């Protein structure tokens with residue numbers, strides 16, 4: 001199994017050119033902890049079974065994304081549910097490019113210096129969604145710490161264009177933490193709010209330094225609460241990955257903190273190591289434990305809890321928003 005150790009006196013890599021995507025070992029070279037590659041990925045338990053993404057609908061959606069120069073987080077983050085979602089004619093769109101300014105070692109999205117925003121992306125995204133005749137869409141993004149508003153205006157522009165071409169559509173946004181830009185980002189977001197506002201805490205506070213370098217647990221909680229205070233009629237949502245080294249007690253404590261910050265919906269899923277150069281899986285959480293977390297979440301007052309090994313923040317997001325049980 002991989003181990004995480006402190007760095008000491010290592011030479012830093014040179015400056016990355018704009019538009020160059022770093023992945024694997026190159027991506028995590030500068031984070032506060034060092035990832036020692038695993039010799040082999042851990043064997044998944046019997047309860048984790050993923051559909052192979054092979055169908056005409058999968059190919060059709062991929063071709064449509066390429067045609068409009070769009071990205072799906074389903075592909076970029078190597079989501080295990082890609083086949084199921086694409087085969088069902090749905091996708092979670094990732095805006096503002098496919099290069100992230102953060103280096104989270106659990107994530108398979110590439111890191112680097114992103115290109116300038118594509119001013120045509122809101123229109124292209126709206127056209128693609130209209131072509132697919134979608135009723136519920138999740139829009140997410142890479143982190144864009146290079147932008148004055150963290151990309152909030154681009155989110156708003158995308159929502160506005162989508163609503164022009166697809167009246168009645170429901171839109172969920174899965175936003176970054178807008179580090180250092182919360183006030184301006186929330187002001188923009190409140191003027192063109194989504195139907196569901198989602199921001200993932202990802203893990204417990206103790207593991208932030210090793211799992212989410214550059215992010216802050218309390219900041220993320222405040223982002224969700226402040227949005228709720230500004231737009232109280234819009235549900236808020238957050239999620240955790242389990243298997244990074246957290247304890248069950250820590251998960252329960254974070255769930256309680258979420259409720260204290262008026263978060264309405266919760267997703268809990270199993271962390272799966274994307275490659276040898278990512279954080280190792282510390283445990284595979286049994287489905288019975290996921291079911292127990294869901295029961296505890298309902299007792300706490302969450303309007304909906306999606307909890308299961310293959311649950312992801314945008315997995316069956318439409319059903320969760322409509323109150324259906326997922327897990």
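Just so you know, glycine gets a Cβ as well, placed from its N, Cα and C.
Since we're looking at a predicted model, the values are computed, not measured.
As recorded in Swiss-Prot, the features of this protein are as follows:
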type    : residues        : note
BINDING : 74, 79, 85, 314 : [4Fe-4S] cluster 1 binding site
BINDING : 100, 104, 107   : [4Fe-4S] cluster 2 binding site
DOMAIN  : 86-303          : domain 'Radical SAM core'
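Features per Swiss-Prot, on structure.
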| residue | record | Cβ neighbours (10 Å) |
| --- | --- | --- |
| 100 | [4Fe-4S] cluster 2 binding site | 25 |
| 104 | [4Fe-4S] cluster 2 binding site | 22 |
| 107 | [4Fe-4S] cluster 2 binding site | 25 |
| 314 | [4Fe-4S] cluster 1 binding site | 28 |
DSSP three-state assignment (helix, strand or coil) for residue 107 ([4Fe-4S] cluster 2 binding site): coil
C-alpha spacing of residue 314 ([4Fe-4S] cluster 1 binding site) relative to residue 100 ([4Fe-4S] cluster 2 binding site), in angstrom: 19
Three-class DSSP secondary structure - residue 314 ([4Fe-4S] cluster 1 binding site): coil
DSSP-derived structure type at residue 100 ([4Fe-4S] cluster 2 binding site), helix or strand or else coil: strand
[4Fe-4S] cluster 2 site shell beyond 100, 104, 107, criterion: Cβ within 8 Å of Cβ centroid: 102, 103, 105, 106, 108, 109, 111, 142, 143
Within the predicted model, mean pLDDT of the domain 'Radical SAM core' (86-303): 93
C-alpha spacing of residue 314 ([4Fe-4S] cluster 1 binding site) relative to residue 107 ([4Fe-4S] cluster 2 binding site), in angstrom: 15
